[in-house]
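Undergrad: Dumping the structure here so I can ask a few things about it.
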Amino acid sequence: MQDLRLILIVVGAIAIIALLLHGLWTSRKERSSLFRDRPVKRTKQERVETPIESLDEGVGEVRVRTSHPQEKPSFNHLDDDDDEVPVIQHAETKSAQVKTASRQAPFASVQTDYDDPLLGGLSAEQPPHDLSRDPLLGKADESYSQPQHAEPPHVEKPAHQVAPQQHVESQQEPVAPAPEAKPQKLKETVLVLHVAAHHGGVIGGEVLLQSVLQSGFQFGEMGIFHRHLSPAGSGPVLFSLANMVKPGSFDPDTMSDFSTPGVSMFMMVPSYGDANQNFKLMLQSAQRIADDVGGVVLDDERRMMTPQKLESYKARIREVLDANTIA
């Protein structure tokens, strides 16, 4: 315990000594800063007091004019003029005329010390604030008054511009040729293939139904079979299959008792997707059905299919697609 007390006493003494030293150091620092500022204050006071001490108590000439170089104007030049213009008169024996003349002298000397190109040749007797006689300001007023008269035409111009636009639109309405849409509708073609029995025979309905369903056809609208994008029957129709005999429809419930000389497959061009691929798929389906029912594939003129006829089908597809692309 005694050691702890000694330690605390020593620490407290050190802290007190440190505080005293810090206080002495700060007080000396403040004193040194005060001594440094005093010469500055004295010089400022001397500058303020020197003009009054250097003034001449006697009054000489009433009008004082000094010539200063005009090439390098500066603020010091103006300060010198201000120091020389006011004249303090301490002599009470001067007459009232001398006082009035001394009052007018600063204004005259300030106006005539140097020739200002902006002020022209104004003197103390000419009031510079008379702006009504200034030709420059008169022109400025006229220039400001002119846009007020020019504003109404600017407001009316949009009205004149709208009218031609409406007139142009009215002219373009009849120019839009409605017949251009008709050629696009005419640029369509129907590709037809037939599957017929050999030598005037007939195709049984039951065998035909099985082959048609296996080829991905689904019975649908107009009582005929349709080949959709998906064999399950979903998606757009790519091509269709109808009876070669009028009215061309089928009845799936009575297909077992049905027979026909052949069926017709047809597709529209342009169609969904690639027309060439759709035609290739239709040709493959026709060949498959022909093989299943024991028939043959015929062209749109009911003739035997030849390579030349296939090229003519492809040419028709290209012609329609190119025409629609140009349109």
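Yeah, the Cβs are placed from backbone N, Cα and C, and that goes for glycine too.
From a predicted model like this one, the values you see are computed outputs, not experimental measurements.
According to Swiss-Prot, the compositional bias 'Basic and acidic residues' annotation covers 60-71. What Swiss-Prot lists as compositional bias 'Polar residues' is 94-103, 163-173. Under the heading region 'Disordered', Swiss-Prot lists 60-182. Taken from Swiss-Prot, the feature topological domain 'Periplasmic' covers 1-5. Taken from Swiss-Prot, the feature transmembrane segment covers 6-26, and the record attributes it to sequence analysis.
Would you situate these features in the structure and describe their surroundings?
TA: Among residues of the same chain six or more beyond the topological domain 'Periplasmic' (1-5), none has a C-beta under 8 A of the stretch's C-beta atoms.
With a cut-off of 8 Å between Cβ atoms, none of the residues of this chain six or more beyond the transmembrane segment (6-26) come close.
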Undergrad: If you run through the topological domain 'Periplasmic' (1-5) with DSSP, how many residues end up as helix, strand and coil?
TA: 4 helix, 0 strand, 1 coil
